[in-house]
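Among the features that TrEMBL reports, region 'Disordered' is placed at 1-71. Annotation comment: TrEMBL describes 19-49 as compositional bias 'Basic and acidic residues'. TrEMBL lists 78-100, 112-132, 139-161, 167-184, 191-208, 220-241 with the feature transmembrane segment.
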Amino acid sequence: MSRPGIVDTRPGDSIPGDIPRRDQRRLDQARRPGRRDRAGHTGPLDKRERRERRRSFRRPERTEQTARANQSSLGGRHLGIGLSFSGGFIALFLFGQFAVQWFDYPTPMPSLIAWILLMTVTILSLITVQRLAARMPDWLYAAALASGAAVVVLDLIGSWGEPGSDVHPTAAAAVGTLLISLATVRRGRDLVTAALILALLLVIGALTEERTDPLTLAPVLLTLSLAVLPPLLGVATVRAFRRMAQRELDLVLVQSTISQPQFAVGMLASEDLARIDLDAETLLDDVAKGRTALPLSIEKSTTAASLATQLRLHLIRGRRETWLYHAITESEFLAPSVNLTDPSGLAGMLDPAQRDALLRTIWLLISDTTRSEASVSLSLGPIRPTHGVTARQKLRFPIELTTTGVPRRRVDPETWEAIRRVGPHVDSSRDGSLHVEIECSIDNPADA
């Protein structure tokens, strides 16, 4: 179910051949007709379909390489430095608290050792991460967590005082600043788990200590907040930043499809064709150099037939898939939320300005809303008859755009400007959804 609900080709007869089950399923699903309602138009996507699309989405390898290559240059390193400085300020405040209550400690040496260990581990971890090209391997993260656990134990031992004393853990709370400095080099769930374990240890230490007045729990709550909230906020900030950066990269890569010809092969198909070409060259080279005897064995014959069939199917698909089809199916943000019906490939006839405006319209409708159930259904055609002097020079067809979960009042003015660039339009709203019909005029390819 990699691309359900997107129709950009006319269903054709399948070519016989032995194709691997994974490739055959992918090709069949790419040509599967979209879900239609009783009126015959493409219906809105429900939650199950959107969830299946997100789960089955496969990003092109070229997109993944671009995202990884630009992750640091898009400000991720600066974000990590900022989070480290924020954690440093919190650690400085806690160290000041440690100095203030120095003479109130029953035995201050364990807490002092805990602070020295924490500072050493933090500095060594940051230096090692920089030398490893902003990556933190598992062994280094495990060593940092073990050192953090030792800091917590030493500080709890040092702050364990008489009932009613004003001594509270400081180095143990500062372990959270170590976690926040690792927010850009480790997975968020790893840091969240470590922060929750740190909170559990602090709560156990607070509950096992004797107290004469329940009001003395207030400083404990402050210590717990300083220990747990910074890493959680750091993880949330990094996730939001990466989501934003990935969205912008996705838009840039999707916009590269605008310059494609009327029918073209997308990035995913190009990668598959490269794989098929490599397999075919390997097989032919084995035959030419005598590594594979003639006639071919049953296994080799089956492989050759599979490669030929896959190649023919890819070539047929490339003659019916437009730039808009590739822009939607190869986008992480558009694929789960956009339904396309374009059986005649009319999207490929749009000029570059209309293509850019149509793609920006879809993108803005999806990205301008915070509701995850927002979706857009897009239908192009059929071609309408033209009248007048320029009837033979122009082709006219409607573009029907229907949204779900995107009310008219939430549509940005820039979206309406992009719609007007595609063509004159008529819009209506019903049940909180927006319906726009665009009258698109293009040059007749026969007169080119």
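Even glycines carry a Cβ here, placed using N, Cα and C.
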**Study point:** Outside the transmembrane segment (220-241), six or more residues from its ends: residues with CB under 8 Å to it
**Key:** 75-76, 79, 83, 86-87, 90, 93-94, 168-170, 172-177, 179-180, 183-184, 188, 191-192, 194-196, 198-199, 202-203, 206
Review point. Going through 78-100, 139-161, 167-184, 191-208 one by one, which has the most CB pairs that fall under 8 Å from the transmembrane segment (112-132)?
Key: 139-161
Revision key, fill the gap. In the same chain, residues at least 6 away from the ends of the transmembrane segment (139-161) whose Cβ sits under 8 Å of its Cβ atoms read 104-115, 117-118, 121, 125, 128-129, 132, 167-172, 174-175, 178-179, 182, 186, 190, 194, 198, 201-202, 205, 209
Revision key, fill the gap. Other same-chain positions with a Cβ less than 8 Å from the transmembrane segment (78-100) and lying at least 6 residues past its termini are 111, 115, 118, 126, 134, 168, 170-171, 173-174, 176-178, 180-181, 183-185, 226, 230, 234, 237-238, 241
Study note, to complete from the structure: With the cut-off at Cβ under 8 Å and a gap of six or more residues from its ends, the chain residues touching the transmembrane segment (191-208) are 145, 148-149, 152, 156, 160, 169, 172-173, 175-176, 179, 182-183, 217, 220, 223-224, 227-228, 231-232, 234-235
